[in-house]
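> The following block contains the structure, expressed as structure tokens.
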Amino acid sequence: MTSSNNRLHKNRCWLTVSRAKWIKNNLLLILVILGVIAGFGIGFGVRLIHPSDSVLLWTGLPGDLYMRMLKATLLPLIVSSIIAGTSSMDPKSSGKVGSISLAYIIITNGIGSILGIAVGFMINPGEGQSISADTNKQNQPNTRNLLPEDMFADLIRNLFPDNMVAATMQKSQTIYTKQMRLVEQNLTLGSTNETVEYLKRSVGTASGTNILGLIIICAALGTAAAQIGGAALLFVQFFKAVYLIITKVLGWIVWFTPIGVASLIAVSIAGANQLEETFASLGYFVLTVTTGIAIHQLVYIPILYLAFMRKSPFRFIGTLAKPYITGFAPPSSAIAIPEMMRTCEEKHGVDKSVSGFVVPLAASLNRDGSCIFITVTAVYIAQLAGADLNAGSIITMTVLITVNSLAIPAVTSASIVTLLIVLSSLNIEPVNIGLIMALEWFTDRIRTSSNVMSSVLCTIITNKLSKIRNLDPPAEINETLESEIKIDISEVNSTTKL
């Protein structure tokens with residue numbers, strides 16, 4: 001009897017210890033989930049009192065501070081991780097990693113567009129709808145007269161920045177300015193001059209980090225350091241030290257995530273205009289977008305992971321909780337870069353050189369969720385406008401959205417801007433864009449979470465398919481350089497004393 005009691009006591013102690021260990025290991029995730037729940041609760045609660053601008057200001061201030069802290073560490077993290085990572089790979093491995101990740105991004109963006117088309121025609125959200133066209137221009141984004149060729153030109157320019165320092169603060173962007181010119185008109189009674197207004201295209205700049213340009217520059221510097229070898233050891237070690245320091249700082253900031261997430265979600269819901277009315281009038285549209293995103297996250301991503309990794313996708317989905325929520329709250333794939341890198345390295349054993357290069361690249365170009373949203377919205381608007389969507393129009397729409405997804409401009413509601421450009425190319429009148437913009441607080445978050453999941457999978461698959469050959473210098477080179485550094489320092493000290 002005594003032995004059985006002792007056994008029960010040991011089992012209870014073991015269960016208590018295992019539960020405590022599980023809670024300790026997942027404490028941050030638990031707090032973040034509680035933050036999401038609190039954010040929705042606070043947001044809907046604040047809406048009931050019809051909050052003023054001051055209430056919204058203080059509700060969103062903790063989230064704003066959280067975003068500022070993350071943005072402050074984002075640039076040095078990207079620069080240091082890419083330089084340190086590419087310097088540890090030979091040029092062939094770097095090229096292989098880049099080509100695999102780009103192929104994944106282009107193919108999955110295309111599949112996202114096809115999925116959006118399929119879901120759109122399966123539910124037909126605009127069929128039989130008699131919603132009046134929204135003529136309110138206040139909520140409509142400014143497309144700045146952009147054309148598809150302008151977007152691609154900006155993309156190419158930003159890949160090759162003309163100033164390494166300026167790339168950290170601004171990026172190239174096509175702008176149109178109004179100009180006046182005299183036009184001579186020949187009439188029967190004589191010639192007259194008339195002033196005509198026209199738009200002049202020029203290359204300007206927009207505030208924001210040129211992440212693509214920095215990736216190219218840092219990859220080139222890291223590759224050059226790998227070819228130089230031991231002479232570049234101090235250069236490489238400096239950026240490795242920067243990476244470790246920034247990672248440590250991020251470890252402190254990450255504990256503010258629950259507060260930041262709650263604040264960002266609360267202020268977005270509390271400040272949304274006509275929330276209930278918009279959901280009611282666009283119910284089928286919301287259902288279609290949500291269905292497409294759900295299929296992408298719960299069916300497509302797990303199948304793709306299972307096909308390449310030959311492992312259970314359920315564990316993979318479980319490891320995405322932190323980067324998923326981090327990208328969901330702002331919403332921003334770029335803000336989730338640190339958490340995506342940490343998940344890839346710690347949970348899936350991805351080489352740091354691979355994650356340091358692929359994660360920022362995928363966060364900049366991988367738009368699965370955005371492609372689903374744009375295609376569903378295009379189908380919805382086309383059906384509302386009564387446009388004939390034949391096979392040619394569908395193929396054109398799919399190709400345009402897939403290609404344009406790689407060159408989404410750096411403006412607010414960038415997916416809406418891309419949508420307007422695609423609709424203009426198909427000669428479809430943009431109906432109800434203002435109402436769709438009113439749902440951005442919701443649709444932007446769910447499509448960003450899909451982008452985050454796909455970016456993590458892109459990194460894992462790239463690491464699987466590319467065999468990295470590490471070029472870290474051997475220990476004897478380190479010892480030789482360290483001895484030379486000590487000699488130089490001793491000579492400097494002796495000279496100073498004299």
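Every residue number used here counts from 1 along the chain in the order it is shown.
Just so it is clear, glycine is given a Cβ too, placed from its N, Cα and C backbone atoms.
I grabbed these lines from TrEMBL:
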TRANSMEM  27-49  transmembrane segment
TRANSMEM  69-89  transmembrane segment
TRANSMEM  101-123  transmembrane segment
TRANSMEM  211-237  transmembrane segment
TRANSMEM  249-270  transmembrane segment
TRANSMEM  282-308  transmembrane segment
TRANSMEM  406-428  transmembrane segment
> Counting only residues 6 or more past its boundaries, what in the same chain has a CB within less than 8 Å of a CB in the transmembrane segment (101-123)?
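Hits for the transmembrane segment (101-123): 284, 287-288, 291-292, 295-296, 300, 304, 357-358, 361-362, 365-376, 378-380, 394, 397-398, 401-402, 405-406, 450, 454, 458-459, 461-462.
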> Which residues, given as numbers and ranges, are at least 6 beyond the ends of the transmembrane segment (249-270) yet have a Cβ under 8 Å from it?
28, 31-32, 34-36, 38-40, 42-44, 46-47, 51, 55-56, 59-67, 69-70, 73, 77, 325-326, 328-330, 338-339, 441
> Please work out which recorded stretch in 27-49, 211-237, 282-308 has the most C-beta pairs separated by under 8 angstroms from the transmembrane segment (69-89)?
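Maximum Cβ contact count belongs to 211-237.
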> Within the same chain, where does the transmembrane segment (27-49) have neighbours whose Cβ lies under 8 angstroms from its own Cβ atoms, ignoring anything closer than 6 residues to its ends? I mean 6 or more beyond.
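Contacts with the transmembrane segment (27-49): 55, 59, 254-255, 257-270, 272, 275, 321-322, 325, 328-329.
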> Under 8 Å between C-beta atoms and at least six residues away from its ends: which parts of the chain pack against the transmembrane segment (282-308)?
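Same-chain contacts beyond the ends: 108, 111-112, 115-116, 119-120, 123-126, 129, 131, 314, 316-317, 368-369, 372-373, 376-377, 380, 432, 435-436, 439, 442-443, 446-447, 449-450, 453-454, 457, 460-461, 464-465.
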